[in-house]
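As written in Swiss-Prot, here are the features:
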type    : residues              : note
DOMAIN  : 11-205                : domain 'tr-type G'
REGION  : 20-27                 : region 'G1'
BINDING : 20-27, 82-86, 137-140 : GTP binding site
BINDING : 27                    : Mg(2+) binding site
REGION  : 61-65                 : region 'G2'
REGION  : 82-85                 : region 'G3'
REGION  : 137-140               : region 'G4'
């Protein structure tokens, strides 16, 4: 294994991403940001096809995988996640959106807010993305500035509806494509957007003092070195030599020791909350750790099957169910990075739950999950998101 370049932490690190309706320009904007910042020596220009390159992409013409690019502004280092736009692939948005300290909501001025605009705002709210900046894209294609004003008002109203400060949220107008093509004015708007992101999205208070927890997103083997689990550190810190537990999906807790750590393909001394890292685990076989489990500080989190939850059930126009559900309903609960089937028991006096309801009920999972009070999840059936919520009380 060749000596890796060492990742040096000099600027505060922030995770952001692009969200919004399919074809409104999320990936084009991501490419434009890297291109404009590259001219200042703060990024490597990534072209659209690089960011958009996911094997499934070519077959169906829709973005499926979550792309991560990195860049810097004068003030910060960013990891930027390009959230998939298509409703069928909201599953990846769920793993992705959970990775954001703030989001850039991309809305095409030619269209205004669309169903997935609403869906992504809702998901951002549910997975704890507290700061959104708006980029009104394709403004060059709208002749009447009053129409753009109208779209901006609609977007602000929609954000307010989901408890964001719609009146105060910064809105930048521009054209990602023109910026990508080198138009000076369009590029200035991209710089303005990044200045606003720098200022409006606060440097997150990292949860570095809490016990280490990292949901496992991917597992792979490095020949001759062992098994690597990768994901975003949820809280705490990790370094080589630390003892960790692999928790979830099975009753038995597996213990291991961290023997290597890297980020952005560079070795890392200390991984901390918010970092996307690969953790090399001693004495663990490739099949002993799977997506959906968590790596955790010993004794810090247990597995549970039964809990109480506060849940928002999506309305039909948000892509949710058309009909109510009752006790004994058995959907999938998407925790951390995986689906687990669970049975719902409604509280006494509640006969059914309607789309659009905000409700509380008890869940019994068929497999143990590494959860605690405050753990967020989404509810899915047949591949579509029908609800979102969080654990309010552990019952077993």
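Each residue, glycine too, has its Cβ placed from N, Cα and C.
Considering other CB atoms within 10 Å as the measure, the emptiest surroundings among the binding-site residues 20, 23, 26, 27, 139 are those of 23. Separating the Cα atoms of residue 20 (GTP binding site) and residue 27 (Mg(2+) binding site) is a whole-number distance of 10 Å.
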